[in-house]
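Positions annotated as domain 'EamA' by TrEMBL: 10-149, 162-295. What TrEMBL records for 12-33, 39-60, 80-99, 105-125, 132-150, 162-181, 193-212, 224-244, 251-272, 278-296 is transmembrane segment.
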Amino acid sequence: MKNIQSHVFRGTIYAILAGVFWAFSGIFGQLFFQAYADNAMWITSFRLLVAGVILLVVSYLSKPSAFFDILKDKKNIPELISYAIFGVLMLQLSFYASIQVSSAATATVLQFTSPVFLLLYLLIFKHQKLNLKVVVLVIVAMLGIFLLTTHGNLATMTITPLGLGLGLLSAIAVGTCAIIPKRLLQTFDVLNVTGWGMTIAGVVMNIVHPVWVIDFKLTPKSFLLALGVAVIGTAIAFMFNMSAIKYISPVVASVCSAMEPILASVFSIFLFGMSFDLLTGLSMLAVLISVIMLSLEEGKI
């Protein structure tokens, strides 16, 4: 029992840390886009390729003898490619595309409907009975994210059919990132699995938009911001997220990562002068309580 609780605690901490580093990614990304206009395709190509290579280098240095083990068994290849394309790449592209055709608030709210799709997956494909308390906590967390992101103002949500589809696609991609590599993560090192998946996604993305095609002025500041997105907000964030999935269910991991909009709001208060009021505080509290309660309920999911 203590071992299970230890695993749940460790997985929860990893998932929260993933949210923390994704929040840094959002701040770096916002600063980048404010200064260098809309370069979502370039930053996606850059962040995936750089993050993937960094993770692979660290993986090789830590366990050189096991570096190519995942590629030696042919049955691992389809899972790895599926994780790269339908998980990592689909998540990055659909989220940024959703922002472009709708708004950041809409894209964020839609992406954090991912626990609903994960619960449906468990119900339909794993035939698991849903715990009512878990369902309620997921709904409370989603409501908190909605209020935190939109401040209760529906006018901030620009919903078009395309934006809705892309936003929901990003939510599904959050789930596929957690589900597809599950077996690989139980067999191989997290750094290795995540590194290969991200590198493959980066190579594919660079076919669409190569990193050497730069349509903005590359300065030390722009490069450092892009590097921050790649290293802190992608490599480290995904490493913690994949580590979390080894210990806790995808549902709990996805809700715990909701720390991202909370911390992004906190950073925005100090960096961008965003106001803090009662609704913001209550929204944050709703998410935090849901994260804590879901972690305690982990054994029932």
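Backbone N, Cα and C atoms are what each Cβ position is placed from, and that goes for glycine too.
Contact between the transmembrane segment (278-296) and the transmembrane segment (193-212) is not supported: fewer than 3 Cβ pairs lie under 8 Å, counting only residues 6 or more apart in sequence. Broken down by DSSP into helix, strand and coil, the domain 'EamA' (10-149) contains 120 helix, 0 strand, 20 coil. Among the recorded stretches 12-33, 39-60, 105-125, 162-181, 224-244, the one sharing the largest number of Cβ pairs closer than 8 Å with the transmembrane segment (251-272) is 12-33.
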